[in-house]
Amino acid sequence: MKQITILGSTGSIGTSTLSVIENNPDEFQVLALVAGKNATKMAQQCRAFQPKYAVMSDEKSAGELKQLLANTSCKTEILSGSDAVNEIAALDEADQVMSAITGVAGLKPTLAAIEKGKRILLANKESLITSGRLFFDAVAKYGAKVLPIDSEHNAIYQSLPTGIQDNLGHASLEAHGITSILLTGSGGPFRYTPLDELDAMTPDQACAHPNWSMGRKISVDSATMMNKGLEYIEARYFFNASEAEMEVIIHPQSVIHSMVRYRDGSIIAQIGEPDMRTPIAYSMAYPHRTQSGAKALDFFEIQALEFIRPDYQRYPCLALAIEASQRGQASTTVLNAANEVVVDAFLNEKVKFTDIAKINRKVVEHFDLSEPQSIDDVLEIDKLARLQTQQIIAQIV
């Protein structure tokens with residue numbers, strides 16, 4: 001029985017992970033759950049899965065959780081604060097750690113788990129976007145194992161030879177006969193919206209993804225295709241890919257989750273229903289397979305598969321992310337921080353949809369920073385970028 005800690009249990013990835021565990025009660029057991037402030041949902045999860053530990057981001061939320069679990073049979077130990085999160089992420093008993101805390105807040109607990117040589121199921125994008133090289137250096141140093149959870153990176157991983165799977169972040173694609181990684185994306189809900197109407201798009205419209213069920217922040221990122229841009233940055237670190245070894249393709253049906261192009265002309269793809277439980281189950285059971293609970297793909301229900309070149313006028317955030325990846329880790333860290341702040345402002349109706357790309361570019365072009373040499377450097381760059389973004393938004397509002 002594998003013991004699993006879930007960082008970000010009340011979010012979309014966390015709940016999907018618990019669904020996979022529910023489908024495989026003889027294979028996986030929940031050791032610890034970590035969440036932000038959603039005490040109500042955490043209480044439901046604690047009652048259902050009886051973890052040994054539950055950690056909330058602050059004392060108030062932990063107090064609410066204690067009240068909700070009072071007079072129940074749940075014996076979960078309740079903790080709070082960032083130190084507790086880092087401590088729980090590094091528990092000796094854990095066989096696997098699902099890293100699904102959104103944002104740069106997930107970086108330190110993920111590194112704490114790596115330093116204990118854990119098997120990391122990585123859904124937290126920021127770990128690579130802000131510290132990709134530092135991240136994989138730590139993985140190698142401490143003998144940890146990382147498996148990607150994003151559907152695209154997981155699809156690529158499944159399509160790669162074991163020589164690369166066993167040496168993520170360092171192996172040469174060319175040496176294994178690979179010419180390029182083909183990263184697919186749906187194009188989001190505004191794929192066919194006239195360009196002159198984009199500035200009027202609302203948060204609810206941006207969050208209405210045609211294929212995937214996701215949280216609101218990542219749904220907005222999908223609408224701008226910043227999500228694909230961040231995945232592009234991640235993929236370069238995950239698979240040690242150069243700019244010339246990366247391709248981005250819009251695939252509206254989200255059936256082909258990504259592909260790998262080989263020297264001999266072969267293209268290997270991973271396909272299936274757009275359900276995050278598939279990559280989660282794959283990574284949890286690797287190198288074996290287990291039940292995910294996802295519906296099997298019915299080829300006879302598929303009308304057509306489309307492939308479209310990205311339009312960078314429609315998706316300026318995608319273009320900006322690719323540019324940032326060429327500049328280096330400082331630039332991608334700035335972009336990630338700026339985007340988190342400006343998307344939050346959009347969701348709170350402080351800026352327009354089209355302001356997201358404009359503000360992101362202003363912030364990225366404002367900074368000319370040296371490359372980070374430590375996690376503290378990364379966090380300092382992140383802090384500076386957030387402050388600059390907030391100042392620009394304040395001028396607009």
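Here the Cβ of each residue, glycine as well, is placed from N, Cα and C on the backbone.
Here is what Swiss-Prot records for this protein:
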- Thr10, Gly11, Ser12, Ile13, Gly36, Lys37, Asn38, Asn124, Glu126, Gly215: NADPH binding site (BINDING)
- Lys125, Ser151, Glu152, Ser186, His209, Ser222, Asn227, Lys228, Glu231: 1-deoxy-D-xylulose 5-phosphate binding site (BINDING)
- Asp150, Glu152, Glu231: Mn(2+) binding site (BINDING)
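Overlay of Swiss-Prot annotations on the structure.
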residue: Thr10; record: NADPH binding site; DSSP class: coil
residue: Gly36; record: NADPH binding site; DSSP class: coil
residue: Lys125; record: 1-deoxy-D-xylulose 5-phosphate binding site; DSSP class: coil
residue: Asp150; record: Mn(2+) binding site; DSSP class: coil
residue: Asn227; record: 1-deoxy-D-xylulose 5-phosphate binding site; DSSP class: helix
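Gly36 (NADPH binding site) is 24 Å away from Glu231 (1-deoxy-D-xylulose 5-phosphate binding site) when you measure Cα to Cα.
Of all Cβ atoms in the protein chains displayed, 29 besides its own lie within 10 Å of the Cβ of Glu231 (1-deoxy-D-xylulose 5-phosphate binding site). Neighbour density for Lys125 (1-deoxy-D-xylulose 5-phosphate binding site): within 10 A of its CB lie 24 other CB atoms from the protein chains shown.
Counting only same-chain residues at least 6 apart in sequence, those with a Cβ under 8 Å from the Cβ of Thr10 (NADPH binding site) are Ala35, Gly36, Asn38, Lys41, Met42, Gln45. Comparing the binding-site residues Ser12, Asn38, Asn227 by how many other C-beta atoms lie within 10 angstroms of each C-beta, the top residue is Asn227. Closest to Ser12 (NADPH binding site) by Cα-Cα distance, out of the binding-site residues Lys125, Asp150, Glu152, Asn227, is Asp150. It is 16 Å from the Cα atom of Glu152 (1-deoxy-D-xylulose 5-phosphate binding site) to that of Glu126 (NADPH binding site). Here the candidates are the binding-site residues Lys125, Glu126, Asn227. The one whose C-alpha lies nearest to that of Asp150 (Mn(2+) binding site) is Lys125. Cβ environment of Glu126 (NADPH binding site): Gly103, Val104, Gly106, Leu107, Asn336 lie under 8 Å away, each six or more residues apart in the same chain. With a 10 A radius on its CB, Glu152 (1-deoxy-D-xylulose 5-phosphate binding site) counts 26 other CB atoms from all the protein chains.
Other residues of the chain with a Cβ within 8 Å of the Cβ centroid of Asp150, Glu152, Glu231, the Mn(2+) site, are Pro148, Ser151, His153, Asn154, Leu183, Asn227, Lys228, Glu234, Ala235, Ser258.
Each of the binding-site residues Gly36, Asp150 was scored by the number of other CB atoms within 10 A of its CB, and the lowest score belongs to Gly36.
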